[in-house]
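As recorded in TrEMBL, the features of this protein are as follows:
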type: TRANSMEM; residues: 58-81; note: transmembrane segment
type: TRANSMEM; residues: 102-119; note: transmembrane segment
type: TRANSMEM; residues: 139-157; note: transmembrane segment
type: TRANSMEM; residues: 192-211; note: transmembrane segment
type: TRANSMEM; residues: 231-252; note: transmembrane segment
type: TRANSMEM; residues: 264-283; note: transmembrane segment
type: TRANSMEM; residues: 344-366; note: transmembrane segment
type: TRANSMEM; residues: 378-402; note: transmembrane segment
type: TRANSMEM; residues: 408-428; note: transmembrane segment
Amino acid sequence: MFLSSVGFSIVIMSIWPYLHKVCAFQSVLLLSDCSRVNSYLANCLYAYVHVPAAHNKYYMLMARALMGFGAGNVAVVRSYIAGATSLEERTGSMANTSTCQALGFILGPVFQTCFVLIGEKGVTWDTIKLQINMYTAPVLLGAFLGILNIILIITILREHRVNDSGQQCKNTNFEEASTDEPHILQRNIDQVAVVATNVLFFVVLFIFALFETILTPLTMDMYGWTQEQAVLYGGIILAALGVEAVVIFMGVKLLSKTIGERAALLGGLTVVLAGFLILLPWGSQLPKVQWEDLHNNSVPNTTFGETIIGLWKSASERQNEPPTGCPVEQAWCLYTPVIHLAQLLTSAGLLGIGYPACNVMSYTLYSKIIGPRPQGVYMGWLTASGSGARILGPVFISHVYTYLGPRWAFSLVCGIVVLTITLLGVVYKRLVAFSVRHGGIQG
C-alpha cells in the first residue's frame, strides 16, 4: 500500500510546472497485479509526455487517467484486509494500512523534492528519447516501485478469509461465516450508512487532494517563489506532514479504543475546518504582483515569505530568474490580502492532524458497517469515491482559485466541511458495525 501511494502521488507537486514546460497552455491478488501493471504503464507514458509536438496536456491527462485505473488496487487491498481480520482486529489493521497509504501519499511529493537537484534540463537519453529531469525522474522511480509491488504480491500474499468472530472460512469467495451465524448474514446492510460513509470519505480525500494541488501555485503567488522553490519548499512542508501523520495514526488508533471511531472522525473534521479557517486571507498587505513586461520597473510589495527566500539568493541568481509573484491576469491579486507564511504552516499542521484521523476512521467504520460478507464490491465503491475526489478536488480548487482567489476558494472549502460535519451528526447513530447492529456481537 505504501509503494502504491508513493507511486501515485510522487508527481503531484510537479504536475503544475511540468505542464507549463511541455505545453504552451496553462482473484483478489490477480486483480491487484493488473492494477499495478496499469500504474507502471501510466508512469512510462508520463515520462514521454514531452515527445509529441502538440497536445501534450492531453497526453498528460491520459497518463494520470491510466494511473487512476491502477489506483483500483486500493479497493482490493481493503477488501483483502476486511476479509482476513475479525471485528476486533479490524480497526488496528485498517489503521496500519491507512498509515502506509496516507504516508505514501504524503511522502510521494517529498521524493519529488529530492529530484529538484537534477534541474529542469537534466540529461537526455537520445537513443530512446527519454529526458531524465526533475519532472520525469519521479515517475521512473514510480515505475520501478510498480514492478517491486508486483513481485511482493506474487511472492508474499496468500488467499485468506475469516468472519467477524475470527473463525476461518474456506476461501475469499466463501460467503457463509459459520453455521452459527447464517441468520446474521441474511440481514440487510444499512445502505444509508454506506452512502453516508462514502460521502464522508469523498470529502476527506477531496480536501487533501486540493490542498496538495494548490500548495505549489499558492506559494508561487503569495511569496514570489520560483517553480523550483515552490516544489522544493512545498515538498519540505509535506515531509513534515508525513512525520506528523505517523504520530497521529498511532495516536488515533489508541484514541478510538477510548472514544470510538465516530467521535474520532468528528474530531478530525473539526480540526480540518479550523485549518482552512486559518488559511483565509486577512489584513491589508497585498502579495507582490507579477507585471510581465513592466517587471523591471515595478515596485514589489515584499512579503515575509519572500524576505526569507531572498536571504538564500545571490544577486546573479535574482537577475537570471523569470518574473515571480501573483500574475496580474488573476484580478484578485490586486485586492486580496496575502496569506502569510505562518498561516500556511499552521493550517498545514492542522490538516496533518485532521486528515489522517478522518482517513482511517472513515473506512474503518465503512468496513464494519458492511459486515462479515465479501466486501470487494463495496470497497470498489469507496475507492471510486476517493478517486472521484482526487479528480474533482484539483479541478475545483484550480478553477476557483484562478478566477476568484484564495478567499472564495477556501471559504467554499470551509462550507463543504461544515456540511460534512452536519451529515455526520445526522447519521451518527447509524454508523455502527453490522454484527453489533444485528446483535451478533456485543458493541
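In case you wondered, yes, glycine gets a Cβ from its N, Cα and C as well.
When each of 192-211, 264-283, 344-366, 378-402 is checked for Cβ pairs under 8 Å to the transmembrane segment (231-252), 344-366 comes out on top. Using a Cβ-Cβ cut-off under 8 Å and counting only residues 6 or more beyond its ends in the same chain, the transmembrane segment (344-366) has close neighbours at 78, 90-91, 94-95, 98-99, 101-102, 194, 197-198, 200-201, 204-205, 207-208, 211, 218-219, 222, 237, 240-241, 244-245, 248-249, 252-253, 256, 261-262, 264-265, 267-272, 274-276, 278-279, 378, 382, 431.
Sequence-remote contacts of a segment are chain residues at least 6 beyond its ends whose Cβ falls under 8 Å from one of its Cβ atoms, and for the transmembrane segment (408-428) they are 192-193, 196, 199-200, 203, 206-207, 210, 214, 262, 265-266, 269-270, 272-273, 276-277, 279-280, 397, 400-401. Looking at 139-157, 264-283, 378-402, the range that has the most CB pairs within less than 8 A of the transmembrane segment (192-211) turns out to be 378-402.
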